[in-house]
Amino acid sequence: MASHNALLSGIDLQCYENNHAHRTEEMDVERLVVRRGQPFSVVLQCTEHIPQHQDHQLNLILHLGKNNEVVLKVSDSEQDHGKWWFSQRNAQGEVMLTLHSPADALVGLYSMTVVLLSADGQILEQTKPQTFYLLFNPWCKDDSVYLPSEELLQEYILNENGILYQGSWDDITTVPWNFGQFEKDVVDICFEVLDNSPTALKNSEMDIANRGSPVYVSRTITAMVNANDDRGVVSGRWDGEYSDGVAPTRWTGSVPILRRWSEDGGQKVRYGQCWVFTGVACTVLRCLGIPTRCITNYSSAHDTDANISVDYLFNDQLESVSEGRKDSIWNYHCWVESWMKRDDLPEGYNGWQVLDPTPQERSDGVFCCGPCPVRAVKEGEVGLKYDTPFVFSEVNADLIVWIVHPDGERIQVSQNSKVIGRNISTKSVSGDFREDITANYKYPEGSMKEREVYKKAGRQVGQKNKVPGQLELFIKHAPAVHGTDFDVIIEVYNAGREDTDAQLTVTSNAITYNSIHRAECQRKTTSLTVPAHKEVLRLQYDHYGACVSEHHMIRVTALLQPTDQDNIILQETNIPLKMPVLHIKIIGKAIVSRKLTAHISFNNPLPASLQGGVFTVEGAGLTEAKEIKTQYVLILEIMQSTGKIEPGQAVTVKFSFKPTRAGLRKLLVDFDSDRLRDVKGEATIIVRTKICAYPLWK
């Protein structure tokens with residue numbers, strides 16, 4: 001390096017100004033985080049004025065990747081469209097450098113060095129490297145994730161508070177979720193997730209070279225959110241045994257999961273289920289700058305044999321006789337949609353793309369799903385990548401029920417095209433209420449167009465030639481509250497002119513939300529002669545309390561077998577048990593760095609005591625996730641230390657915290673115990689900045 005008096009003393013990245021302009025100030029104001037396709041300026045600090053003649057020239061060198069897989073030389077002229085370049089303005093002792101990145105630039109953590117060159121290209125001097133993050137830019141019209149709606153961007157990029165929909169198609173419930181994509185160090189963890197993908201570890205050059213594509217990045221994230229094949233984030237489990245980790249129902253947000261994964265050196269976090277995978281994926285994708293929303297599909301099919309139907313096989317005792325991997329209908333299933341162009345597909349498939357991070361089936365040998373165009377699903381274009389047949393089945397498969405007789409003969413009982421894919425839901429951009437987007441995925445059930453699409457997808461539409469029977473079967477129930485007894489009414493109607501003999505078998509089973517049977521609660525078989533008959537099955541807490549899953553779901557199945565007819569009828573209904581609500585009262589004025597106190601209370605609704613109770617509290621911009629055990633809680637204003645909450649007792653927990661960021665915030669609370677899990681509550685708080693009092697006179 002040539003010897004001369006040093007001219008370059010440092011670089012001011014102007015983090016506050018740039019981050020504010022690039023809508024990343026919530027993420028950080030001490031580090032530079034910018035979006036591609038949008039200029040940003042840094043100030044080169046000099047010891048003296050840099051001579052303006054051909055003897056000196058400034059260049060920038062950018063490095064990307066842990067091993068400097070990409071090295072870019074940036075000049076002060078826009079030589080080629082779509083390349084990095086910079087402009088400069090000189091001032092006394094400083095040079096303003098405005099960097100222009102292409103709209104398809106690789107995202108990641110860049111290292112930037114400013115070099116001073118001589119006329120013959122020799123490096124005279126260079127600054128110490130400075131780092132900055134470059135993200136996707138949905139505000140830039142040339143970026144492939146461009147979304148031309150500020151209202152949608154406020155929700156699908158900038159909103160840290162979300163709602164995940166659960167329950168059943170006819171009894172939809174909500175779960176608040178803290179995405180927290182702007183919480184401290186989350187952006188570092190998101191790129192750490194990418195860096196730990198199998199492709200990145202095996203061929204880092206190829207991985208880095210593809211990071212300009214939201215298709216590649218989103219598919220990688222979908223695979224990495226679950227830990228089935230790789231150093232992924234969350235391990236899934238559905239059997240109710242969570243003692244060596246955290247029960248999926250305990251989580252209230254993504255940030256504690258991502259931080260735990262990072263702090264443990266990429267070790268999988270135990271445990272998650274579909275809404276947890278979805279919440280984490282949404283956090284990462286929004287943080288990286290890809291517009292993303294959470295979706296819930298009710299009565300969601302898991303088609304294991306890719307025949308676009310769900311086949312249920314029962315014997316005449318209503319016992320499942322399916323062999324091997326069984327088709328199933330999940331009470332609900334969550335995934336995400338991300339907005340992007342699909343230059344890798346024929347024209348017409350831009351927009352929302354399904355990405356499903358829950359490990360169900362392998363795609364190209366890996367447990368991931370998508371991005372799959374929503375429009376391709378609606379039109380039955382199952383030949384388009386990625387994983388369109390699987391997503392099509394999730395929302396539009398037919399349910400076919402078979403009875404298997406002792407001699408092995410299979411009789412098709414029914415084929416129903418209206419059961420699967422109901423009330424597909426997402427949070428509205430206009431507030432905390434549900435938007436139904438079923439029409440985005442499918443034509444009206446049973447319509448000619450829907451049947452045409454189903455046939456185009458590769459499945460012949462079955463038509464039963466049997467004459468409809470004279471018996472009809474219905475299952476009804478009132479809202480069921482967890483901890484109480486309730487009645488399920490099975491009604492059998494006879495539309496014929498003569499009485500009919502039949503046998504009615506009814507079972508109730510404790511199931512998970514994804515249709516795994518935990519235990520049979522009750523069974524009842526009745527021989528009856530039907531003009532019109534009503535059977536009442538009383539489900540007592542003693543029947544289901546010990547075996548109900550953490551999803552608080554009871555499935556009632558009724559099988560009606562006329563003695564002299566072939567028209568066997570089978571009906572099922574899922575009954576979600578109503579849960580208590582956590583009540584949250586905030587004491588104090590919500591001001592940044594000023595102490596607030598939350599009073600959290602609820603009543604034990606069960607006819608049994610609760611033990612091992614734990615409250616989990618968190619909120620983006622309010623407090624990191626913290627646990628409060630019920631070893632010492634207020635019960636009826638008296639301090640108790642047994643850790644046991646008796647039936648009907650009221651419990652109050654006090655929790656203090658100091659908000660860290662201004663704006664509309666949500667405090668999320670979860671309660672779990674040995675007998676009662678997944679009790680949720682939330683409080684909305686408007687946090688203001690510090691109020692400083694200035695004297696009017698000195």
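Backbone N, Cα and C define each Cβ position, glycine as well.
The domain 'Transglutaminase-like' annotation in TrEMBL covers 266-359. Counted with DSSP, the domain 'Transglutaminase-like' (266-359) comes out as 15 helix, 40 strand, 39 coil.
Cβ neighbours within 10 Å of C274 (active site), excluding its own Cβ and spanning all shown chains: 27. As annotated by TrEMBL, active site applies to C274 (among others).
On its own chain, H333 (active site) has C274, T296, N297, S300, H302, T358, E394, N514 as residues at least 6 apart in sequence with a Cβ closer than 8 Å to its own Cβ. As annotated by TrEMBL, active site applies to H333 (among others).
Residues or ranges marked as active site by TrEMBL: D356 (among others). Here D356 (active site) comes close to T222, W335, V336, C368, C369, G370, D387, V391: these same-chain residues lie at least six apart in sequence, with C-beta atoms under 8 angstroms from its C-beta.
Residues or ranges marked as Ca(2+) binding site by TrEMBL: N396, D398, E445, E450. Its Cβ taken as reference, E445 (Ca(2+) binding site) is surrounded by 16 other Cβ atoms within 10 Å in the chains shown.
Mean pLDDT, taken over the domain 'Transglutaminase-like' (266-359), works out to 92 on the 0 to 100 scale.
When Cβ atoms from all protein chains are considered, those within 10 Å of N396 (Ca(2+) binding site) total 24, not counting its own. Neighbour counts were taken as the number of other C-beta atoms within 10 angstroms of each residue's C-beta; across the binding-site residues D398, E450, the minimum falls on E450.
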